[in-house]
Amino acid sequence: MALTPGAKVPSVVPKHEKALICLTEDVTAKTAFLFILPQYNVSVPTADSETVHYHYGPKDLVTILFYVFITIILHAVVQEYILDKISKRLHLSKVKHSKFNESGQLVVFHLSSVVWCFYVVVTEGYLTNPRSLWEDYPHVYLPFQVKFFYLCQLAYWLHALPELYFQKVRKEEIPRQLQYICLYLVHIAGAYLLNLSRLGLILLLLQYSTEFLFHMARLFYFADENNEKLFNAWAAVFGVTRLFILTLAVLAIGFGLARIENQAFDPEKGNFNTLLCRLCVLLLVCAAQAWLMWRFIHSQLRHWREYWNEQSAKRRVPAAPRLPARLVKRESGYHENGVVKAENGTSPRTKKLKSP
């Protein structure tokens, strides 16, 4: 249906067509695009032509808020149409049911994030050219897919806060989940606001790959408690990932940014390359990795202790005593020449049968 400029929308138009028409109107289109698309686009000249890049600002909060609601809806769809149907077949307890839902949601999120993040770092050339992680800093202008990725990541971890209430998470589990949510929010927002988006993409790719393997191992364990091979693979990958993250952070921040000539603190231009800022960022990354490694070692020691306690308990259990041979029930007294004798040597009296 074609409309002339300035014409009013008829009341008989369906709702979905009204929504599309609102996007085409000059007045409502600006407001709608404020929620849907990233803001602060800038035309950056290149050797051949011009490309559109983006930088951050306060309007990003509106876009993040919109995608928080989108993420809540997607979370409910995955829960109702996938996880609930699987958990009913497994007949899990309340504790395992809560952990199964948590791991199921995170498997979907981590898998999609790993694929998306890998596509971004490959197309932008961050993997083939590691020096691009610190060269030409500050990286104020971001490609569309890089900025949109960060906005969606912030929206997901912000939506995890109200999901603690919607999913009716137990009070004992809330502090643990709050720690991980805040840890992700601080690191993602820090990389985004300090213009370390390229380094943040590589670190997120490593971290999400490890987390995906862990939650997949939990799902297989809930399906069959004998499936523990993925946990062994995750334990090996976890330590290697911590080493790679620390090495890459020290290489990019401690050595790469330290050799750049421009080391003046200038928030207006997005330059935070000072000695104090670099030390704070490195301290935050190292403290987070040390905390994760400490929790990993603590949990592994606890599991090994429980395993050896079970093995030692099985060894201490005595063997079941053998049952004696079945005895033939005899009358009181003893037998002598086929006649039953009483203990005092007299023969037992015969019972008199009553006449009918």
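Just so it is clear, glycine is given a Cβ too, placed from its N, Cα and C backbone atoms.
Feature annotations, reproduced from TrEMBL:
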type     : residues : note
TRANSMEM : 64-83    : transmembrane segment
DOMAIN   : 98-307   : domain 'TLC'
TRANSMEM : 104-128  : transmembrane segment
TRANSMEM : 148-166  : transmembrane segment
TRANSMEM : 178-195  : transmembrane segment
TRANSMEM : 233-260  : transmembrane segment
TRANSMEM : 272-294  : transmembrane segment
REGION   : 328-356  : region 'Disordered'
Notebook entry, point to check: How about the transmembrane segment (64-83) and the transmembrane segment (148-166): do they have 3 or more C-beta pairs under 8 A, pairs 6 or more apart in sequence?
Noted result: yes
Margin query: Within the domain 'TLC' (98-307), what mean pLDDT does the predicted structure show?
Written below: 92
